[in-house]
Amino acid sequence: MKMMNGEDANDQMIKESFFITHGNPILTVEDTHPLRPFFETWREKIFSKKPKAILIISGHWETVKPTVNAVHINDTIHDFDDYPAAMYQFKYPAPGEPELARKVEEILKKSGFETAETDQKRGLDHGAWVPLMLMYPEADIPVCQLSVQPHLDGTYHYNLGRALAPLKNDGVLIIGSGSATHPLDETPHYFDGVAPWAAAFDSWLRKALINGRFEEVNIYESKAPNWKLAHPFPEHFYPLHVVLGAAGEKWKAELIHSSWDHGTLCHGSYKFTSA
């Protein structure tokens, strides 16, 4: 089947969706950060296809209603404090895609998310632009960002993702950007390897995803060990639930990166490929 632009629909279609841990924004200036080579070799080792657009769900945009930004050029939001001055000079001027934003809003409303709306001003927070700046440094792919609703649960976000899954048929790459674990800042660092509580949670999550047990991940509060330490607040976990829904039916999960910061912050990242 040919698209109106002459492109074959099967060539445009994307079967993959991704959950990435975006890490500490210091990685923008810290060459030795373990996430840098992962992001910098993204197109070479992880996903070589150039998407028509990117829809990224960041744990740093929390709203009451599901909201997608609808701008022509994305501003770069420096939503962090007390970092080196050079970090506040970074710009990632990726184009927006208002048409995609309106389509996301329409799809969500038709799927039961009646309060979905667009935001005509918001740019990209560091959960979006920091990894994208390294993954797609040319900033030539249109990007829309979708918010999370931390007062709701994992199943809600999974269903949100299910509604958005057809966007992949149009060449939209769906990325959830959060963290495999995201403990409180005051959680003690663990300098002798990985904290046992964090290792147990990571092991549970990895096995659940690799074995396709998404239902357990949706109700992680009753299934996961040490979840209150791993995710005392859920905003960095919910991008994963959205991506699980967007993965569609009969998906296969693959761990594409794993490293740690301070023995407690897990950089686990996953690819989900639909059948």
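Placement of Cβ uses the backbone N, Cα and C atoms for every residue, glycine included.
Remember, it's a predicted structure, so these values are computed and weren't measured experimentally.
Taken from Swiss-Prot, the feature Zn(2+) binding site covers H22, H60, H182, H236.
Sequence-distant contacts of H22 (Zn(2+) binding site), defined by Cβ-Cβ distance under 8 angstroms and a gap of at least six in the same chain, are L35, S58, H126, G127, A128, V130, P131, S177, G178, S179. Note on the binding-site residues H182, H236: the fewest other CB atoms within 10 A surround the CB of H182. Long-range neighbours of H60 (Zn(2+) binding site) (same chain, six or more residues apart, CB within less than 8 Å of its CB): D79, D125, H126, G127, A128, E235. The Zn(2+) site is set by H22, H60, H182, H236; from the centre of their CB atoms, other residues of the chain with a CB within 8 Å are T21, S58, G59, G127, S177, G178, S179, E235, P239. The DSSP secondary structure for H236 (Zn(2+) binding site) is helix.
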